[in-house]
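Here the structure is laid out as structure tokens; the discussion comes afterwards.
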Amino acid sequence: NTVWPGTLTGDQKPQLSLTAFELASKASQSVDAPSPWSGRFWGRTRCSTDAAGKFSCETADCGSGQVACNGAGAVPPATLVEITIAANGGQDYYDVSLVDGFNLPMSVAPQGGTGECKPSSCPANVNMACPAQLQVKAADGSVISCKSACLAFGDSKYCCTPPNDTPETCPPTEYSEIFEKQCPQAYSYAYDDKNSTFTCSGGPDYVITFCP
């Protein structure tokens, strides 16, 4: 299936020259990022253009009305790959995050570099295990994405917002455990960094795969 990847640069920095594009099955696309750089990548699915020429997607839409996202982020639920590229070949950080929910499997793997440089992947279709309260369904009744408990319920115990804004006051919940069980390498909620953050040094390239 075709996906429409999007990119978002963080920290109020200029966007990449490519903020989104169409990606056919088995195809690849190179995206240049400067160093240092920090941002995220995601994949939109079930996209179409209406009679008026407005482009939109049923999952992870960026609301721009066109294929390019132009500095707009994904509307959750959306699986995210987050990458922080260090200056001068220093230590990069990267992860797959389900903190904003899940819409499709993703992985990120460094090519080259030094240090750990292990791939991080969420290969499971979490939609198949998504509890009813978190499901987002298409018109035909199929589950097309899975909300985070924070998005579904807005409660600070799920969102890790004050007063529950420390690892001690925001432990895993039954909902984040579902994500954790499906994709143990991914961030399942805000304070899940024990086994979810990956590092690599020496200026590697990164290969991001949708539906690995």
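Each Cβ is built from the backbone N, Cα and C atoms, and glycine gets one as well.
Residues or ranges marked as disulfide bond in Swiss-Prot (evidence: sequence analysis): Cys47-Cys57, Cys62-Cys69, Cys117-Cys200, Cys122-Cys183, Cys130-Cys146, Cys150-Cys159, Cys160-Cys170.
It is Cys146 that, of the disulfide-bonded residues Cys47, Cys146, Cys160, has its Cβ surrounded by the most other Cβ atoms within 10 Å. A separation of roughly 22 Å, to the nearest angstrom, links the Cα atoms of Cys159 (disulfide bond) and Cys62 (disulfide bond). Considering only the disulfide-bonded residues Cys47, Cys57, Cys62, Cys117, Cys130, Cys200, no residue lies within 10 A of Cys150 (disulfide bond) on a C-alpha to C-alpha basis. Among the disulfide-bonded residues Cys62, Cys117, Cys122, Cys160, Cys200, the residue whose Cα lies closest in space to that of Cys146 (disulfide bond) is Cys122.
If you measure from the Cα atom of Cys160 (disulfide bond) to that of Cys183 (disulfide bond), you get 20 Å.
When Cβ neighbours within 10 Å are tallied across all protein chains shown, the highest count among the disulfide-bonded residues Cys57, Cys62, Cys117, Cys150 belongs to Cys62.
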